[in-house]
Each structure stands twice: as C-alpha cells, then as structure tokens.
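A short worksheet on the structure shown next.
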Amino acid sequence: MDFELRRATEKLEKEQRDRKQRAKLKLDKERKVKQEAARQREAIEATQRQRRLDAAEAESKANQLAEESSLAGRGVMFSRILEAVPYQGIGDKIKLPPSCFTELSDQGAFDKGPLHFSLSLIRPEGAMHIDGGHEGTPRITHAGVLEFTVEEGFVALPQHCWSNLFPDEAPGSAAVEVRYVWLPKGTYAKLQTVEFGFSDIPNHKAVLETSLRQHATLSQGDLLIVNHGALTYHLRVLELKPSPSASVLETDIEVDIIGPESVDNSNQYMLRPLALGKSEQGVVEEGKYMYYKFSLDGETWERISSKDANVFVSLETQIQDGDTDLYVSRHPLLFPTQHQHMWSSHDLGLKALLLGAEDQNLGVGTYTIAVYGYKGTSKYEVSVNVQDVATQRVGQHSASSTSSGEVDTVECRNCKRHIPSRTISLHEAYCSRHNTICQHPGCGVVLRIEESERHVHCEKCSKAFQREEIEKHMKVFHEPLHCPCGIVLEKEEMVQHQSSTCSLRLITCRFCGDMVQAGRSADDARDRIRGLSEHESVCGSRTAPCDSCGRSVMLKDMDIHQIAVHQKN
C-alpha cells in the first residue's frame, strides 16, 4: 500500500512539474510574442517617422529648388525633362516643343529679355560618373533658343551643346533637363586653344567675335568651335566674369587667349617660325604639307623697295628619296596649296624664288612657305635670305662697259654671238664642232652637242626643260584640275581662277575679319562699284556707332560718313 501511495505521489509531482514547465514555456512564448510585437511597432513607427522626415526634407528641397529657380529665372519657373536629339546647327540655339512657348509666354518670360536655358544631363539611376567612376554632379551647359517647332517630348541640340553634354560617345537616348535661367552679361572671358596656330590668324579676335555672334551664352568648361575657312579650331572656356555662365548678347567682353598646353608637331596646319638668314630641315610625306612663316619688317622692305636687296627663298631636296614643291603666299592666305598661292617653284632638286620690288604682292607683312611632298617621303632644307644686289649691279655695269667698248665685232654663224673680229675664225671652228642651236621656234639657245638630246620643249606651252623634268611639268601644269565650283582648268588658270573669280574662293571680310566664301557679286549696284562681295554686302549692312558723333551708321558707309560729316580723310 505504501508502494502505491509513493507511486501516486511521484505521479502527482511529475504532473505538477510538467504543468509548471508548460506554464513557463507559455509565459516565455507570450513574452517573446510581446517583444516581437513591440519591435515591429517600433520599426513601423521608425519607418513612418523616417518617411515623414524624408517627405519634409523633399518638400524643403523642392521649395528651395523652386525658390532658386524663381530667383534664377527672375520670377519665371520653367523646367522640362526632354529627350535630346542632335541637329546640324551653328552656335548654341536649341529647338523646343510648341508647348514650351505657351508655358513661357504665360509667365511673361518674353518680356524679360533674351531667353537663356541651362541644360543638364539626367543620368539613369545608379549610373556612374564618366570622369570619376562614381556618382557626381551632372554635366551642365547653357543655350539660347532658336524656335519652338520640335516634336513634343524632344529638344533639338546643335553641335556645340551636343558635344559639351556628350564629350564622349553619345548614348542611344538621353534625357536632358531644360531649365529657364537669367544670365548676367559677360565682361571677361579667358580661353585656351586646343590646337596650335589660332593666334597666327590675322585679326583672330575678329574671327572669334564672328563665331560668337552665333552664340547666346558661354559656360565655364565649354569647348567652343571656331571655323576659319577650311580649318576648325577648338577653344576651352577657362574663366568667365562676372559668373561661371554669362550672356554674350549685346555686350562687350574682354577676351584673353592663351596657347595650348602642348604642341602637336604632327599637325600639318601649323606655322613654324623661320628666321631670315637661317635654314630649317624637315621631312614631308607624299601629299602632305609642312608650313613655315617669316616676316618682312619696315626696314627690310625699305631696302627691297629701293631695289637694293631681294628676297631669296630656297628649298633643297634630296631627290633620291623623293621630290617636293615650293609654294609661298602672303597673309591673310595662311596655308598656300597647289591651287591657292602667290609664288611657286616645281624644279627638280633646288627650288628657288627671287622676289623683288617689282612683285606687287610683296610688302611689309607675314608670309607662309609651304613645302609640299610631291613624290615619296622627302628630306628637305628650306631657307629665306635677303640678298644685297649692289654687287650684281657692279658686275652688270662693268660687263656693259666692256661690250660697249668692243666695236670691232663679227657675228658667229653658228651661235649668233658677237665675237671680236681678230678671233672669229678660231671661235667658229670650235663652236661648230662643240655647240648647236635649238631649232625650236622662239628658243635659239646655244647648247653643247652632248647636252642637246636632253633639251626638250613642252608640246603645249613650248617652254624648255631637261628631259627628266618634262614628265613632272606635264603633270603639274597641264593635267586638268576640277574646281569645286564645277569648272575644269589647267594649273596656272586654276590658280588665277581660285584667287580672283571663283565664287567659292575664301576671302577675308573687311568688316568682320572672318574668312568666308566670296559668293556671287553683290545685289546692290553701289556695293558692286565698291568691290564688295555678296557676304561683305550683307555683313557691311550691320550698324555701329560713329566714334565721332555716336550716330549708328552701316559699316560699309562708315568711311563715307567720316568724310561727308566729319571731313576726315
């Protein structure tokens, strides 16, 4: 009986322990559930609190951005995100959809002066910065507006804006934020050329001014494209005042231009300095040019104009490696070519040009020498010297005195020269055995018999050459050349055509200083009498204030105004 009681007691104690254990587990579970619920409530509250903070911060940023936009736009708040597409345009004028015109007009933007916009590239979320490899500030430039004709949702960018927003390869599609801003008028700009030689352009600041007429804005860091004839130069905007972005409309800007950080000697359109009396050596490839520049100052020109000196330009080529041609021009023709030059030499071996006071194109100024690789890769040596002609005059004078003193002379029957009568027999015997006369009409040159076989005449122009020179002469002077205007001429006629009559020839405008196509004759008969080209007739119609009276006068009438009104010569 005690055994049963003990078993019953143990069973009861066990059941009590089990109940206590289950109760403890239940309490632990309930406590964990309460703790988890509390954590979830805290997390929810933290999330909601963070959302409220983010919303407040976003609202604050939006308000700040709206305030900045309002201040930047002088009360006009306009911002659109549009897909960028390129178009072939000059300058920085963009094209916007018609709805932008309505929105800007409703806010009175057109009453506040010229429209200026900031263009910022919108990067896809998570995209890396192009330069640094991490997220950074978006690339920004500024622009004016040309018209409101583009399809809705798009903005058309000219080459200037496109290349500054996408300096590397452009993406297939890109979003650009177009925001209306007010810009102050620029007062100072510091530019740096990328290529060497921009400062060699005569009146290069006038060329830059002409290019900037196509622009409404400038932004620090932008790359400007300046076209001058067939050449293209790039200038980086390093500094602007009074702000990093400025308007260039109806304002005078002080401009400083500095050279490139490094010189690219492989660029053929580079004027290398050549001092008088010194020579330069180099190598030129077939079909390429090497350019040099030299200058004649007032003192040197005074010697030349008084016929006391001549300019001697020489080019010596190692013909076993190849052959070259020599072309010379005077500025503003910076880079002479086969068809555009003032002087040329195509001889084999040594090329030489002797320029004197009788050359109407010679004077004080800067000149360009072009070494053209005619055949193969050629080593050459080029030089410019001012030679005194006094010694030559003395020699000529003494020779003429001697010939005038010889009165008893007889003409040689073979060479037709006048020989003293006392030696005529010996001369004729020697001359008939060793010399012969060229029988070509108009030539009559006396040649050694062994050299007469190499003496030939061109079938077209009858000029005399050595036999090895005639092939090059025919190719250079008599091969038909095609002008871009459609006319076909030989070399000498083509040079004259492209320098004086071709409508596509490049001239320097006397009003803007830029190099432009001459075009047709001016429509106005008075402009034709003045010798103005089609471009100059239009460019000269711009007005400028007279320095004496301040009256606005057309540029092409300024000289007449100065004479008629102010009696200035």
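Each residue, glycine too, has its Cβ placed from N, Cα and C.
Curation does not apply to TrEMBL; its annotations are automatic.
Copied from TrEMBL, the annotated features are:
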type: COMPBIAS; residues: 1-18; note: compositional bias 'Basic and acidic residues'
type: COMPBIAS; residues: 25-44; note: compositional bias 'Basic and acidic residues'
type: DOMAIN; residues: 90-184; note: domain 'Ubiquitin fusion degradation protein UFD1 N-terminal subdomain 1'
type: DOMAIN; residues: 185-260; note: domain 'Ubiquitin fusion degradation protein UFD1 N-terminal subdomain 2'
type: DOMAIN; residues: 532-562; note: domain 'TRAFD1/XAF1 zinc finger'
type: REGION; residues: 1-48; note: region 'Disordered'
### Residues from the same chain, set at least six apart from the ends of the domain 'TRAFD1/XAF1 zinc finger' (532-562), whose C-beta lies under 8 A from its own
507, 509-512, 516-524, 568
### DSSP-assigned states of the region 'Disordered' (1-48) in counts, ordered helix, strand, coil
47 helix, 0 strand, 1 coil
### Stretch-averaged pLDDT - the domain 'Ubiquitin fusion degradation protein UFD1 N-terminal subdomain 2' (185-260)
88
